[in-house]
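Pulled from Swiss-Prot:
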{"type": "BINDING", "residues": "G12, P13, V14, G15, A16, G17, K18, T19", "note": "GTP binding site"}
Amino acid sequence: MTNGPLRVGIGGPVGAGKTTLTEQLCRALAGRLSMAVVTNDIYTREDAEALMRAQVLPADRIRGVETGGCPHTAIREDASINLAAIADLTRAHPDLELILIESGGDNLAATFSPELADLTIYVIDTAAGQDIPRKRGPGVTRSDLLVVNKTDLAPHVGVDPVLLEADTQRARGPRPYVMAQLRHGVGIDEIVAFLIREGGLEQASAPA
């Protein structure tokens, strides 16, 4: 674990549901923990602005960084821009317990540097096709938690949900996963429980 607040990296391809997950986690945890968010976009701060519009956290607890080029570089090879944003948030809010770091959309090979994230969540999209879990990739196989999002779309895109979960189980082995519909809140309780358990947040998140 890094020093200071727990850092959770949220990765996945474009459109998989990373910002939706970030928003839902803020809604679920902001009343129980002191938390903040860092978003990564290639040339804009659109994801940060979306979170501000949703008012899931005060604006001064959200930082948007523009990575330029390949978004995976800013979360793996050279995480300095994200580390600077984290340092800024920690100075502004010394009581921080949790920081969510949302990566820019990338491919199945994107991973977070251990210098940047204590835990990683990887989000994939059911609508991207039946074979996504079978394609493996570090995001699918090595993340601390895999979230298979938009399972409600399976019948509309020719995906067999039973086979999708079986393939996910094979790809993950002993590592946990959640079948989710993030926009509708399905699976959020399981993801929150994972963060509390694996991130050592039990006492901090206990109801007052």
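In case you wondered, yes, glycine gets a Cβ from its N, Cα and C as well.
Reduced to three states, the DSSP call for K18 (GTP binding site) is helix.
Cβ neighbour count for G12 (GTP binding site) (all protein chains, 10 Å cutoff from its Cβ): 28. Within 10 Å of its Cβ, the residue among the binding-site residues P13, G15, G17 with the fewest other Cβ atoms is G15.
Same-chain residues that are not part of G12, P13, V14, G15, A16, G17, K18, T19 yet have a Cβ within 8 Å of the Cβ center of the GTP site turn out to be G105, V123, D125, N149.
Comparing local CB density within 10 A for the binding-site residues V14, A16, the maximum falls on A16. Using a 10 Å radius centred on the Cβ of K18 (GTP binding site) and all shown protein chains, the other Cβ atoms total 27.
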